[in-house]
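A quick write-up on the structure given underneath.
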Amino acid sequence: MSTARPAARAPLALLVPAAAGLVFLLLPLAALLLRAPWAALPAQLGSPRVWEALRLSLLTATAATALCLVLGVPLAWVLARTDFPGRRLVRALVTLPLVLPPVVGGVALLLALGRDGLVGRLLDDWLGVTLPFTTAGVVVAEAFVAMPFLVISVEGTLRAADPRFEEAAATLGASRFTAFRRVTLPLIAPGVAAGAVLAWARALGEFGATITFAGNFPGRTQTMPLAVYLALQSDPAAAVALSLVLLAVSVAVLGAMRDRWTTGVGAA
Amino acid sequence: MRRGRRWAGAALTAAVVLSGCGTQEAEPTVTVFAAASLKESFGTLGEKFEDEHPGTNVEFSFGGSDTLAAGITGGAPADVFAAADEATMARVTQAGEASGRPEAFARNRLAIVTLPGNPHGVRSLGDLARPELKVVLCDVSVPCGAAARTVLSTARVRVRPASYEQDVKSALTKVRLKEADAALVYATDVKAAGDAVTGVEFPEADTATNSYPITVLKNAPQPERAAEFVEFVRSAQGRRVLREAGFLEPGPGAR
């Protein structure tokens, strides 16, 4: 915080586009707030469908983040700390869902994990499990698009962290996994937390892969973004109301988590 | 440095090409906004129209009727609008964007679409209520979903769908990818999907047919040619193409 310089020193050539960028980002949000049907809002929010969608959104985004943590942190460690042929290619492939249109991601998930998909067929035959049209399918779709955010964030933190701590632990007789668990993980906790927040936010807003892979059924797979999109087709005012709820929840949760983490890291 | 120059060259070429297109006043273009379900039939009609009117281009923008209507009321420069139902067209006429009264040119009805060869032996609308079948419907906010609800409630069939899809093509895709066993889509979609699916027609479909209206738009850049295109769609030749795609004749009430 102490490194911030007075604004007067900033050159105009940077300040003007910076201000324009800020306006560009905030204007649509301001329009949403200004044009919101405030009078009709209580009636809109009284609908059980809104709360059903919100509950499902929070549940699936949190579960998707957990899945991302379990699979993504080890993946980031392998990418940052080991060297193997084709590592750069693997790293590029990991980030692919970032640039893939989410709808394409949803189709790809269907081809892989759908009832007739490469792996999905086996899941169906052996376990009788099909993911599409289920809440678990929503979690899978959200984790697919959110995981790269976590992996990139954690990998960056790992690269910045000094590997000598791990090496020291190893010379003291710790196994590599113990060193990871007892030394590395606490060291990179802020990066993991930041990555988890990013992944959670991305999962909360996920639309394309979810509606393509998991379909749309109230209470089972209809998350808030899906409810907003479908409301937009018939009742734009309801869509704005739903968007406001989603916006308020994300701001509140992200704000609360940030505070806790920054103080937590400071205390550690 | 070198790279920068190459980029500049590419930009210049693009600018020349683009401005070239813009200045070709000799070849007027009729821009048609049409419902996604018209993609195959209007594509054919556009080519035939261009053959009969040398020097005139027809350009299509296919999409959900809702989206297209929003584009038109938002000021998109289109000549003709063809919607998948009257309610969507009403939004355009109420905004004062239509020139004259929209005219019905075709009707569409629902059909059951099943996996290729119909392995589950779906024969009737009532079969969709069988618990072992995974059925998807369109969401009621889109025309095909509204029609599905009417048909099912009139026939007193209670379907427990796996999903309410956001448009008719998504519902069809779920069956094409074998994710769902059956779906209610338009008869024209079944036809367009070819061998990838098997269609099952059912008599109750007649209780909820969609009427497709078409109109020249008020701010059409090419009003005369737009009117010619609308006339062509409604001509005997136009109707034949639509019928081949699976559309029904416009209702008896249509002019």
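Note that Cβ sites are derived from N, Cα and C of the backbone, with glycine treated the same way.
Just so it is clear, the model here is predicted, and its values are computed rather than measured.
Residues or ranges marked as domain 'ABC transmembrane type-1' in TrEMBL: A:54-255.
Marked as transmembrane segment by TrEMBL: A:58-80 (among others).
Taking Cβ pairs closer than 8 Å, the transmembrane segment (A:92-113) reaches residues 75, 79, 119-120, 123, 131-132, 137, 140-141, 144-145, 147-149, 151-152, 206-213 in its own chain, all 6 or more past its ends. Look at TrEMBL and you will find A:92-113 (among others) tagged as transmembrane segment.
Residues annotated as transmembrane segment in TrEMBL: A:133-154 (among others).
The transmembrane segment annotation in TrEMBL covers A:183-201 (among others).
The annotation transmembrane segment is assigned in TrEMBL to A:237-257 (among others). Long-range contacts of the transmembrane segment (A:237-257) within the same chain, counting only residues at least 6 positions beyond its ends with a Cβ under 8 Å from a Cβ of the stretch, are 29, 32-33, 35-37, 40-41, 44-45, 50, 53-54, 57-58, 193, 197, 200-201, 204-205, 224-225, 227-229, 231.
Among residues of the same chain six or more beyond the transmembrane segment (A:133-154), those with a C-beta under 8 A of the stretch's C-beta atoms are 56, 59-61, 63-65, 67-69, 71-73, 75-77, 79-80, 94-98, 102, 105-106, 109, 113, 188, 191-192, 194-196, 198-200, 202-203, 206, 209-210, 212-215, 217, 220-221, 223.
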